[in-house]
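The block underneath contains the structure these notes are about, expressed in structure tokens.
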4 protein chains.
Amino acid sequence: MNLFPSKKRLAHIIYESDDRASKNFDLVLLILIFMSVTVVILDSVEEIHRDYGRFLYGLEWFFTLVFTVEYFLRIWLSNDKPGYIFGFYGLVDFLAILPSYLSLFLFQTQYLTVIRALRFLRILRILKLPHYIREASALKSALKNSQTKIQIFVGSVLTIVLIMGSVMYIIEGPESGFTSIPRSMYWAIVTLTTVGYGDIAPSTSLGQFVAALIMLLGYAIIAIPTGIVSSEMTAARFDKKNARQKDLYFCPNCGLHVHNSDAEYCRKCGTKLEPLNP
Amino acid sequence: MNLFPSKKRLAHIIYESDDRASKNFDLVLLILIFMSVTVVILDSVEEIHRDYGRFLYGLEWFFTLVFTVEYFLRIWLSNDKPGYIFGFYGLVDFLAILPSYLSLFLFQTQYLTVIRALRFLRILRILKLPHYIREASALKSALKNSQTKIQIFVGSVLTIVLIMGSVMYIIEGPESGFTSIPRSMYWAIVTLTTVGYGDIAPSTSLGQFVAALIMLLGYAIIAIPTGIVSSEMTAARFDKKNARQKDLYFCPNCGLHVHNSDAEYCRKCGTKLEPLNP
Amino acid sequence: MNLFPSKKRLAHIIYESDDRASKNFDLVLLILIFMSVTVVILDSVEEIHRDYGRFLYGLEWFFTLVFTVEYFLRIWLSNDKPGYIFGFYGLVDFLAILPSYLSLFLFQTQYLTVIRALRFLRILRILKLPHYIREASALKSALKNSQTKIQIFVGSVLTIVLIMGSVMYIIEGPESGFTSIPRSMYWAIVTLTTVGYGDIAPSTSLGQFVAALIMLLGYAIIAIPTGIVSSEMTAARFDKKNARQKDLYFCPNCGLHVHNSDAEYCRKCGTKLEPLNP
Amino acid sequence: MNLFPSKKRLAHIIYESDDRASKNFDLVLLILIFMSVTVVILDSVEEIHRDYGRFLYGLEWFFTLVFTVEYFLRIWLSNDKPGYIFGFYGLVDFLAILPSYLSLFLFQTQYLTVIRALRFLRILRILKLPHYIREASALKSALKNSQTKIQIFVGSVLTIVLIMGSVMYIIEGPESGFTSIPRSMYWAIVTLTTVGYGDIAPSTSLGQFVAALIMLLGYAIIAIPTGIVSSEMTAARFDKKNARQKDLYFCPNCGLHVHNSDAEYCRKCGTKLEPLNP
């Protein structure tokens with residue numbers, strides 16, 4: 001309980017989360033992140049900015065300085081400095097302080113500090129919930145399985161958007177808001193995704209006919225990503241179910257291999273197998 | 001058939017639904033609830049309020065007094081008074097009369113009496129339909145199974161809304177309606193959920209480009225809750241199917257355990273097993 | 001080939017579709033239905049009505065008279081007169097001629113003659129496609145299986161619409177278009193279904209916050225009907241698949257019973273089993 | 001490495017993609033297609049057209065001439081001339097140059113040259129990715145399997161759109177934008193697909209009530225294409241899974257036949273079976 005802990009002890013407090021000091025550090029950090037994001041949001045509301053702008057500006061710089069100190073502490077204490085700096089968490093930590101300094105030179109960039117919200121992901125590491133990690137792995141493997149389908153889907157959507165946008169630009173023209181092909185493509189995306197702002201809408205009969213065709217097409221197309229996700233999730237759900245019924249384990253990492261009931265590590269990728277809740 | 005029934009008989013009439021008197025009581029109650037909600041809705045229409053306002057005001061207080069008497073009767077007749085008062089049905093009964101009394105002090109709260117519609121849930125208890133209870137249990141267990149997925153989903157949506165809202169606030173600014181980050185976040189939710197009112201819409205080229213990205217993202221994201229529900233329902237559907245084909249029973253409460261064909265109670269949670277319709 | 005066929009021959013021509021005369025009759029009928037619907041649609045366009053109104057009015061009455069003669073012929077020729085008149089096809093045939101006669105007394109009802117489009121359903125009877133009948137039976141049995149889920153779903157949606165509509169009426173008031181609870185409920189449906197016209201939209205901060213909650217709720221709720229349909233269709237798909245793999249037949253009527261490979265009629269409901277395409 | 005390759009060598013360069021010269025040719029072609037589409041898009045933006053219009057016009061004709069030369073080269077070098085000209089790729093190649101020449105006579109058709117984007121499909125042939133071909137075959141077979149369901153679905157949607165459009169035309173009339181039945185049908189499609197521009201919206205109480213019914217119907221109907229795609233994809237997913245688990249092969253062409261583990265060609269349609277990635 002000395003006031004200046006050793007470097008090793010400090011590294012433990014900052015990087016781990018298994019005793020009182022390190023848990024408190026993580027808790028304080030999460031509260032600071034939450035308050036910092038709240039300050040940025042509040043400051044953007046004109047009425048609040050008018051009355052409390054100076055106070056919030058001060059608070060924001062206080063949080064930025066605290067996070068800056070923490071960032072350099074993490075670099076200093078890390079055993080694998082480049083691994084931290086260029087890793088996911090290191091980049092998020094860096095991006096969380098960058099906008100404040102940029103705002104000294106560039107207008108309004110201080111609002112980008114909301115990217116600090118990404119630091120909440122640290123909760124996952126702190127809580128170390130196997131549930132979340134398993135689900136995330138399942139999602140990752142589902143995405144990997146349906147990669148080709150997704151590529152075909154995105155390619156088709158972009159082609160439809162390009163061609164339909166051009167056709168509507170020719171049919172409707174600038175009078176209805178279709179002032180250029182890029183803007184018509186924006187309209188096509190607004191329509192295909194069924195968002196439908198109505199800021200740009202066809203006004204000629206032919207334009208409305210073509211727009212109706214695009215909508216019915218969008219109706220069919222929206223079924224495709226849903227179908228991909230549903231089928232992958234159903235498949236994953238049955239894997240889990242089968243594994244449970246047969247007392248077998250399902251590897252959260254490589255996903256497709258069935259393990260013997262006494263297996264503790266995946267025989268393919270070596271991932272520790274979590275026992276499924278009974 | 002005496003005019004003043006005993007306390008025990010009165011409790012039976014109010015709490016049960018298995019003979020003529022108690023069934024009639026429930027029926028009258030449902031009709032009163034329906035009429036009471038209708039009165040509130042009609043009273044909000046200006047033309048009707050102008051012509052029949054006084055009459056509807058009187059009716060509303062009549063229903064409130066009847067429900068108040070019923071509420072205190074239920075407390076008086078209940079064997080487990082705190083259990084009723086703080087239970088689900090007791091709270092709904094209390095909330096159903098509260099707004100009328102509040103409206104004496106607070107403006108317009110009388111419209112909150114539409115919460116009386118929740119009292120219709122009593123129908124489930126009156127009809128005691130095993131179908132509904134089984135489906136509701138299945139839905140509850142499906143939600144429990146996909147709890148982690150839903151948490152990850154809600155967290156991701158809120159993070160996207162926060163960051164995208166801030167980005168659009170910087171890009172578009174107050175001219176297009178993006179007057180603050182909270183309002184930009186409202187816009188981001190309107191866009192991600194494909195509602196798309198168009199009250200706030202991007203007008204710059206860069207803003208429309210970013211908005212198009214958000215829409216395509218929303219397209220992908222909307223597939224996730226659908227996929228979760230579809231996979232859980234498909235799994236539940238197959239459980240039911242398998243149980244039927246193999247003459248086995250499926251527990252509506254804990255869901256995942258297969259029972260022997262002669263089982264009458266779940267061997268795990270003791271729930272009475274409903275025989276499946278053949 | 002005599003000009004005045006016998007009553008029996010005429011009944012065959014009108015009710016059957018298995019030789020040249022009866023096939024031609026059906027074909028002519030379908031063309032008349034299509035032309036009749038087209039005439040009504042064209043007549044509603046002001047420019048066309050101005051120039052060709054009289055001509056189209058004449059055509060419409062010509063079609064109406066032809067369909068009226070056909071209707072009374074069908075009654076006269078039918079063996080089971082009440083069965084035809086109050087059956088599905090008889091009612092559609094009656095509704096197809098009613099609006100024209102009503103239009104003599106009521107303004108604009110002639111446009112309701114588009115209900116003639118329902119007569120196209122006759123195509124199904126003419127073509128007698130076993131595919132369509134099987135799919136329609138599958139859809140019917142899927143709907144029956146998920147009846148309880150659909151009832152719970154519709155009940156929940158209406159309750160949410162009622163309560164949220166009232167809440168928004170109190171929060172927003174007439175300034176933003178929420179002029180009454182029914183109109184607020186209309187807004188709630190527009191929002192929950194993600195249609196989002198924007199004719200009524202919240203303008204206060206609190207209203208936008210509550211609206212955002214409703215949207216996220218609608219996001220989750222839209223997953224439910226999709227999940228119901230997906231799971232039923234997946235189950236039906238696997239039934240068909242299993243039946244095919246095991247050389248067993250699947251009854252298109254009662255759906256859930258597996259038949260022996262040599263079965264020609266469903267052992268439960270007696271429906272003729274269509275051999276599945278190999 | 002002579003400057004004028006033989007006709008056979010030229011055909012190889014243009015039609016194949018297996019050595020350096022032919023790969024370079026394909027790469028250059030893809031870059032030209034991409035640049036050509038970009039030029040058309042940029043030229044439609046008024047600010048860019050004002051400043052660089054002449055330059056972009058020149059570029060566009062340069063690309064058109066290159067593609068024209070390529071088109072005639074392909075015809076000259078093809079062994080099966082009519083097969084190329086009337087085949088899919090030949091038609092796309094022809095449509096890719098047609099709009100430029102048409103624009104000499106017809107206004108604005110030059111923007112239709114964005115159809116050149118379809119030439120990107122050539123990438124599939126160049127890369128010859130078995131993944132894509134397998135997924136595309138799976139999609140094709142899924143569409144074929146659900147053909148009847150899709151026909152019933154499209155028929156129902158069009159009937160609902162026709163009848164609801166007419167009903168709303170009678171209820172609302174020209175004041176709210178329902179100026180004709182075709183325009184009301186456009187509104188019905190905008191509403192059913194949940195796009196909801198708001199350019200046409202009901203303003204009477206009865207109209208809003210009917211519109212709310214259409215929206216709730218659309219809510220249910222949107223579930224159907226999603227359900228069709230989900231069930232087909234789930235079925236395909238399980239086929240693949242089963243094939244993998246049992247060391248059996250699944251034919252990417254006819255889809256439904258299970259093959260022995262030593263099969264190299266589909267015993268039904270003769271398609272070469274790709275070994276599944278382990």
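Backbone N, Cα and C atoms are what each Cβ position is placed from, and that goes for glycine too.
Averaged over the domain 'Ion transport' (A:23-233), the predicted model has a pLDDT of 85. Residues or ranges marked as domain 'Ion transport' in TrEMBL: A:23-233.
Here the transmembrane segment (A:27-45) has long-range neighbours at 52-53, 56-57, 59-60, 63, 66-67, 70, 110-111, 113-114, 116-117, 119-120, 122-123, 126, meaning same-chain residues at least 6 beyond its ends whose C-beta is under 8 angstroms from one of its own. What TrEMBL records for A:27-45 (among others) is transmembrane segment.
For A:57-77 (among others), the entry in TrEMBL reads transmembrane segment. For the transmembrane segment (A:57-77), the list of distant contacts is 7, 10-11, 14-15, 29, 32, 35-36, 39-40, 43, 84-85, 90, 93-94, 96-97, 100-101, 110, 113, 116: same-chain residues at least six beyond its ends, Cβ to Cβ under 8 Å.
Residues annotated as transmembrane segment in TrEMBL: A:83-107 (among others). Counting only same-chain residues 6+ beyond the ends of the transmembrane segment (A:83-107), those with a CB under 8 A from a CB of the stretch are 60-61, 64, 67-68, 70-71, 74-75, 113, 115-116, 118-119, 121-122, 125.
Summarising the annotation, TrEMBL assigns transmembrane segment to A:150-171 (among others).
For the transmembrane segment (A:209-231), the list of distant contacts is 142, 146, 149-150, 153, 156-157, 160, 164, 167-168, 171, 188, 191-194, 201-202: same-chain residues at least six beyond its ends, Cβ to Cβ under 8 Å. Under the heading transmembrane segment, TrEMBL lists A:209-231 (among others).
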